[in-house]
Structure formats: structure tokens, C-alpha cells
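Colleague: Questions regarding the structure given below will be posed in turn.
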Amino acid sequence: MTLRATKARQQRVSPHIGHTFSFGNLVGDPFAISTLSISTIAWLITLGGGIATKKMPHFSWWGIAFQFVMMVCFVVIYLWDLVDYYRGFLAAGVGVAFVYSTNSCSQLIYQEEPQQAAGSAGFMMLSIVNMIWMFYFGADNAAPANRWIDSFSIRGIRASQVESSLALARSQKAVASPQPAATAFYGGLEGHSQKYVSSTALNGFENTDPHTSTAFALGPEGPTQRNLDTHGTSTYVTDTTNGNTETTMGDTLGLYSDMGDELVNFPYTAKALYAYEADASDAYEISFQQGEILRVGDIEGRWWKAKKANGETGIIPSNYVELVDDPAAL
């Protein structure tokens, strides 16, 4: 089992993402470790040139100090795996550092002293790294360049909130207007209204044993089922001891097996970026091959409901697939 699969499964089991200190978060990302190494070397060259220079501009000294602060923040954020939470801060910070480094480079590059020339070379290297960081942290994880860069990381491609939001906004149109490939794949759409299950239904995954699932328990031990019919549709809600409406994994899969048309329950088309082998101890995961086309639904969380061409349903890690806007082009 790959590290990405193990980490994704741990995130599914726990409703809250835990962030632990690990050098692997930094070392396992070639982009982060390479750019940080170059910036560290450039910063040391700049610092050495500034110390040896008799007349170093005060503005340049502040630029050197600010660059050091941003590099420390970069390391801390990566070690605690908080990049997605502080992308805006990093983009803004390296933008300010880019202004300092470029201005200092322009002031020192025309000086005759070799020490100042060394300082200008260091500032030039820092400017290049800062520009690369601005493009990376200023873009969403779904950006083509970011996806290509993250594909070399051990943790794989990062989840994109923007991509999920855009897909959700198109869901109504996708359900109302069946596409040719989807129609041929599943036999067409018959005009059902969309039934949407929020990703909050994924909470409570501690019950991973299919034999103890209470989705359709008929015995006296199973929780009481309520059938809510507000708009002519049937939705099953499991009563819990604390009175909330969260369901177990068996309940949510039961929803998809009994609620009718597949295109309503799985309105999106996804293409597998990598092959994935389901955990044999988890009956709700499904395996798929690289390049395989799947129908998916409830794309808010890190684990999505999915259905394969052979009718097999289950859950898949979202960072192993990408949504396809035009299934007819596949």
C-alpha cells in the first residue's frame, strides 16, 4: 500500500485532519526541497557579500532579514503539512521578498566591488526563486503547473477546493442535460430531480464493518429508520444517540443503492490519474486502474462515492482522480 493511500485512508477515518511534525513532508516534496536549497545557498551568498561590502544599502539588509523570515516560515509550514492553509500568506510574503530582492539586485549589480557583485548575484538567485514561489503558491492546486509539480511529490496531487466548487456549481446543469458518453455508459437520464447527499454523511466512519452496518437493519438491534418525504423523494436518516443526522458508511452507500437513477446519484465523470488497490480490510473501498472512467458523486470531501462501469460502487480517494468536463471527448 502506498504512502498516499495510507494517508488518505487515515484522513477518511478521522473527521478532522491531524497535522504532525515530520521531515518527510519536506524531504518528500522535490519542489519544496530543491527551491529551498537554492534559496538557502543564494541567501548565504548574499549575506557573505553584504558582510564583506563596505557600503551595503540599508534597504538590502532589511531584504536579507525578511527573506530569512520567509524561508523559516516556509520550512515550518511544510514540516507541519500546512501548505494548503497558508498558501495566501506564502504568496503574499514571497511577493514582498521579491520586491526587496529585485531592488537590491538593481542597486548592487552596477557596482565595481567584487563583494557587491557577489551580493547582487545572490539577490538575483533569490528573485528567481521568489518568482517561482509566487506562481506556485498564488495558484490553486488544480492549476496545470501545480498538478504537474505535485505529481512528483510522495503525497501526490493536492486536493483543490476551487475545482470541487466549480464542479458543484455545474452539477445542476450536468444532471438536467445528459451528455452522450454518459448516456451510452449508463443508459440515459430520465429527468429525475437531483438528490444530493452532503459530505457530512461521511462522518462516523468508525463503523467500517459491513456486517454491522445499520443502513437496512431489520432486527430489533438496528436503529430506528425514518423515511423523510418532503418533495416526493425518499431519504433514509439513521437515528443516533446524540440526535444528529450523521450516518454511517453503510447508510450512505445504502442511499446510493436505493435512490434510483445512477446519473442522479453520480452526476460527475472522473478519470483515474493513478491505479488504486482497495484495502482488503475495508469493504467500502473499490479498486480501479489508471485511465479508468468512473461516475462519482458527493465531491466535497477527500473520499468520493463512485461507481464503476461494471456496476461496482464504493468510495475512492479524490486525489487519485480528476473530474472530466466533457465525457464525450474521452
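Including glycine, each Cβ sits where the backbone N, Cα and C put it.
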Colleague: Please state if Asp81 and Asp140 fall on one side of the membrane according to Swiss-Prot.
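Modeller: For Asp81 and Asp140, the topology recorded in Swiss-Prot gives the same membrane side.
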Colleague: Could you name the stretch, out of 31-51, 89-109, 117-137, with the greatest number of CB pairs under 8 A to the transmembrane segment (59-79)?
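Modeller: Out of the listed stretches, 89-109 contacts the transmembrane segment (59-79) most.
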Colleague: Same chain only, please: residues at least 6 beyond the ends of the topological domain 'Extracellular' (110-116) with a C-beta under 8 Å from a C-beta of the stretch. Say none if there are none.
Modeller: 49, 52-54, 56
Colleague: Over the span of the topological domain 'Extracellular' (52-58), count residues by DSSP class, listing helix, strand and coil in order.
Modeller: 2 helix, 0 strand, 5 coil
Colleague: Can you give me the average pLDDT across the topological domain 'Cytoplasmic' (138-330), rounded to a whole number?
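Modeller: Here the predicted model's pLDDT, averaged over the topological domain 'Cytoplasmic' (138-330), is 64.
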Colleague: DSSP on the domain 'SH3' (265-326): how many residues come out helix, how many strand, how many coil?
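Modeller: Per DSSP, the residues of the domain 'SH3' (265-326) fall into 4 helix, 27 strand, 31 coil.
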